[in-house]
Structures are given as structure tokens and as C-alpha cells.
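Enquirer: Got a structure for you, questions after.
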Amino acid sequence: MGCDRNCGLIAGAVIGAVLAVFGGILMPVGDMLIEKKIKKETVLEEGTLAFKNWVKTGTKVYRQFWIFDVQNPEDVAVNSSKIKVKQRGPYTYRVRYLAKENITHDSETHTVSFLQPNGAIFEPSLSVGTENDTFTVLNLAVAAAPHLYPNVFIQGVLNSLIKKSKSSMFQKRTLKELLWGYKDPFLSLVPYPITTTVGVFYPYNNTADGVYKVFSGKDNISKVAIIDTYKGKKNLSYWPSYCDMINGTDAASFPPFIEKTQVLQFFSSDICRSIYAVFGAEINLKGIPVYRFILPSLAFASPLRNPDNHCFCTEKIISKNCTSYGVLDIGKCKDGKPVYISLPHFLYASPEISQPIEGLSPNEEEHSTYLDVEPITGFTLRFAKRLQINILVKPARKIEALKGLKQNYFVPILWLNETGTIGDEKAEMFRSQVTGKINLLGLVEITLLSVGVVMFIVFMISYCACRSKRVN
């Protein structure tokens, strides 16, 4: 009887040990299977989860605009006073709803080329007004004239046309005109062929961004979705040295198995450059653990702090010998127009940049940019891209509309928030197909290991106790 009991205890201990060993073996095997599955599904090729969502996003993406309505236009033009602005918005458009076009796979280079069509649909229910709401804003054509034509004789000619068209430093425009374009009365009088339509995002609808070429990840998953080349309507060959390099993805996804220590590089054609984000926090998004990566203040720092920004310092006077920070000159990819980008309300900018403007209230929660990335797949499940469009306006003695100015202004025109969040249905699918299976496998591994260890310990203790009684 004692022998049978001892044998039973030993058998139980052996079973426990086997379970523990099996659980321990299952861990690396399970991890290997998960890695293999993830690598397969994140390749950009027909039939994968990544390709399906890459061709046409299943997430609704919105672009919200806040317009800076100028309250004292005459006072500024005549007395060079501070510009008083009042933010009005949001005005919301649905964007990025069109599928990628001209998708071409190259099996030799393992790349995919494509065009990204542009389109914007106004969403009245998500807006504070209509596209016909009117604002007092900077006259884009008048402000750009002295930058594009620095010759004083030409400026004198342009001044006569500005006066004849009854144009001034500021103008009234509807939301639709300001964003998507209007026929400018001053430019319409220029006696040689030029583009007479002006708008912050003109042209946009019925255009396409690209051609992009990205790596499919078929041969190397660490390169999936990373941009190889970009031949867009905004030619980046203007920038000197490495400033014309395109690094990273389009931010819709990144190579899988993201670490918190990584710096995520992504390219934005809106700002004509690659930029980056760093880890900020762990977030739970609809039951899915994600890493929040944020755009750091260093991205808009002066070249003294961030040498990568040296190519965006294009002159020494206004930038105070390249020591100012918070605004980046992107005029070279905007046909020479004095366009500068910043974060909304000049967040992280030098104090002197916002000093001539009243009505700004920068804060990180509302005005910073972030990406919520699921770390195993590298998919971006939520994002908020926030930028401000500014025009540099300088005094111009030969142009009467600008000759009253006694200082330079970075005039804020608008700021935007482009945002998207994975929908409830997509989140449920993601949980069931990705995180759910990973969690289940992890639970099985831990359970087997734990049960096995416990069984082994319990049966061994019982065996030792039994042996001890027999000896006594």
C-alpha cells in the first residue's frame, strides 16, 4: 500500500514536472509562432491584413480647421500694432477616404509604388458653421509679392496693380475660398501668364500625392512601409545636403515589434519633410494596449539644439542667426512663398515669434501631435497631427499696403488637427485576431507552467512527508 502511494506521489511529481517543462518549451515556441504570423500579416502584399488596411483605411479620418480671424486689420496696416486674433472653429472635413491608386508591385526590389488621391468632404454636423462663414485674414497674394519679387522696380509695378484691384494687407474670405482657392483680383491684373487662383491648400481636391514607393517588407520585415522614394508635386530636391532625404513611413504603420526606446520616423508631404516621434506613455485604446509616441519640442528646435533643422533656417536676420525656434521655413517647396509651419498657437516657439500676436493660448494637451501605435503589429490605431500655417510678412517701402509696417510678423492663418481612431468594429476584430490570440496563448503558457510547478512541489512535499512518517 505504501509503495503504491509513493509511486502515485512520484508519478504526480513527474507529471507536474512534465507540464512545467512543456509550459517552458511552449513559451519560446509560441513566441516564435506569433512572430511568424505577425511578420506574414504585416507584409504589404495581396491577402494580408496590413495590405487590406493600407490600400484603403477602414478608419474615418477627419481634418479640423481653426481660422485666426483678425480683429484689428486697419490698426495693424497703418500703425504696425499687435495683431489681435480670435480663433474660430472647428470646421471639419472628412479626408483620406479614397483608396490608393496605381498600385504596382516590384518583386525584384520588394517595393510597392502608388498614388494617394486627395479629397475633402465638409462635415456640417462636426462644424461650428458653414463653408460660407467669412473671416478677416491676411491677403496671401499681397503678402507674398515682396518675397517673390524683391526688385524695387517690379515692386513698384505690382503696387500699381494692388491699388488698381483695391487690394490691401487683409481681406475678407469665406472658409471655402481660404482653404480651397479663390480667384485673386490683384493677380488677375498681372499682364503675363501666372496662376491667379490662391488658397492655403490649393490645389487639393481631384489631385494626388505621390508617386510614393515603399518597401513591402517581403524580404526584410524591418523595412515594411518605409518610404524608398517620393516624387510628389512638392519637389524636395530644393533642400541642401541630407535635408532632402525621406526617412520613415507615412505614419499609418511601422515595422512590427515596436520598442519603447525606438524613435519612429515618418514623412509628411504637408510639411515637406521627415519628422519623428518618441515614446510618451502606455495607453489602453478600446481594450488594446498601445504605445503613445509624441512629437517632441526638439523637432522644432533651433539648429543649435537640433542640427537636423539647419536646412529650415534660410536666413540670418529674422531667425536671429538661426537661434529662434518653433517655426520652420518650408517656402522652398511652396514655390518660394513665405510659408512657415509651427505647432498650433506657436507651441514650443521662441517668445519673440508670438510677441506681436494677441489671442494665442498654447497648451500641450490641445496642440501637440501624437501617434498611438500597437507595438506588436506596428499599426497606428489612433493619431492626431496638429500643425499651424503661418505667413511671414515684412515691411515693403514700394508696396503701399505694407509700407506702414515697422516690424516683421509671422501671421498665423489657421491651424489644423487631422485625427483618426480605430472604429469599434475594427477594434473588436483586432482584439479577436491579434491581441486575443496572443493573450490566450500567453495564458495557456503561464497556466501550464504554473500548474506544473505547483503539482511538482505539492507531490514532492507529500512524498517527503510520507517517507518521513515511515522512517519514524
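Cβ coordinates come from backbone N, Cα and C, glycine included.
So TrEMBL lists these for the protein:
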- 7-29: transmembrane segment (TRANSMEM)
- CYS243-CYS311: disulfide bond (DISULFID)
- CYS272-CYS333: disulfide bond (DISULFID)
- CYS313-CYS322: disulfide bond (DISULFID)
- 440-466: transmembrane segment (TRANSMEM)
- TYR463: site 'Critical for TLR4-TLR6 dimerization and signaling' (SITE)
- LYS469: ubiquitin cross-link (CROSSLNK)
Enquirer: Return only the integer: C-alpha distance in Å from CYS313 (disulfide bond) to CYS333 (disulfide bond).
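Expert: Between the alpha carbons of CYS313 (disulfide bond) and CYS333 (disulfide bond) there are 14 Å.
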Enquirer: Return the residue, from the listed disulfide-bonded residues CYS272, CYS311, CYS313, CYS322, CYS333, with the maximum count of other C-beta atoms within 10 angstroms of its C-beta.
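Expert: Counting every other Cβ within 10 Å of each candidate, the maximum falls on CYS272.
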Enquirer: Any idea what the Cα distance is from CYS311 (disulfide bond) over to CYS322 (disulfide bond), rounded to a whole Å?
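Expert: Rounded to a whole number, the Cα-Cα distance is 10 Å.
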Enquirer: Tell me the Cα distance separating CYS333 (disulfide bond) from CYS322 (disulfide bond), rounded to the nearest angstrom.
Expert: 20
